[in-house]
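Taken verbatim from Swiss-Prot:
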type	residues	note
BINDING	Glu64, Leu85, Asp86, Gly87, Thr88, Asp205	substrate binding site
BINDING	Glu64, Asp83, Leu85	Mg(2+) 1 binding site
BINDING	Asp83, Asp86, Asp205	Mg(2+) 2 binding site
Amino acid sequence: MLDQVCQLARNAGDAIMQVYDGAKPMDVVSKADNSPVTAADIAAHTVIMDGLRTLTPDIPVLSEEDPPGWEVRQHWQRYWLVDPLDGTKEFIKRNGEFTVNIALIDHGKPILGVVYAPVMNVMYSAAEGKAWKEECGVRKQIQVRDARPPLVVISRSHADAELKEYLQQLGEHQTTSIGSSLKFCLVAEGQAQLYPRFGPTNIWDTAAGHAVAAAAGAHVHDWQGKPLDYTPRESFLNPGFRVSIY
């Protein structure tokens, strides 16, 4: 099933690129929480929803662009968790650092994940405890890698005082910044060793990247040391967390 989901992410990426390249208007509007949404978000959402309903008609889907109410999903044990375009701010800035995120959740755990970066044409995927990166048609297994001093990857668009204080206390390290779920993927492929997050994220922002990072050997825990959990709950918000090889 992983190959079909990867192809679905690629198809969604193609729909996004039609807007990114100017073939279709971007049509940026603000949602109720003031976050931006574009025609590309909606186009990718439609591609993924149609594809997953065909691939697995019995598994419900939770997408950022059309999340079902709590009464609908409160008893879900297995479901798809989708962000059709993660990094909309990066998309609008046209820096290429946005992704398509698709994860399969089973009893609160992301057991399959796909993160596709359309501009870079790079696909990260994970299933059955293994993670891969596909680039230029070549797919290879990836895993975390230690480095001293560690490289800490941080958000391109979301900095905060807590993060600044944490980095000051961390000891010797280097930092790099990148948008979207690519932060998880940098840790997964051994380029970075730590991704700390204090600011707000939603479950669709993290599930696919979580699957990839965990399958590559990283720990994805909240600041109390518990793994991020995707068991249905009324709020879509995650607690703060860290993705770490340590």
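Using N, Cα and C of the backbone, Cβ positions are placed for all residues, glycine too.
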Densest Cβ neighbourhood among Asp86, Asp205 (binding-site residues), 10 Å radius:
Asp86
Neighbour count check, CB within 10 A, over binding-site residues Glu64, Asp83; minimum at Glu64
All chains considered, the count of other Cβ atoms within 10 Å of the Cβ of Gly87 (substrate binding site) is 26
Here the 10 Å Cβ neighbour count for Leu85 (substrate binding site) comes out at 29
In all the protein chains shown, the tally of other Cβ atoms within 10 Å of the Cβ of Thr88 (substrate binding site) is 23
If H, G and I count as helix, E and B as strand, and all else as coil, what does DSSP give for Gly87 (substrate binding site)?
coil
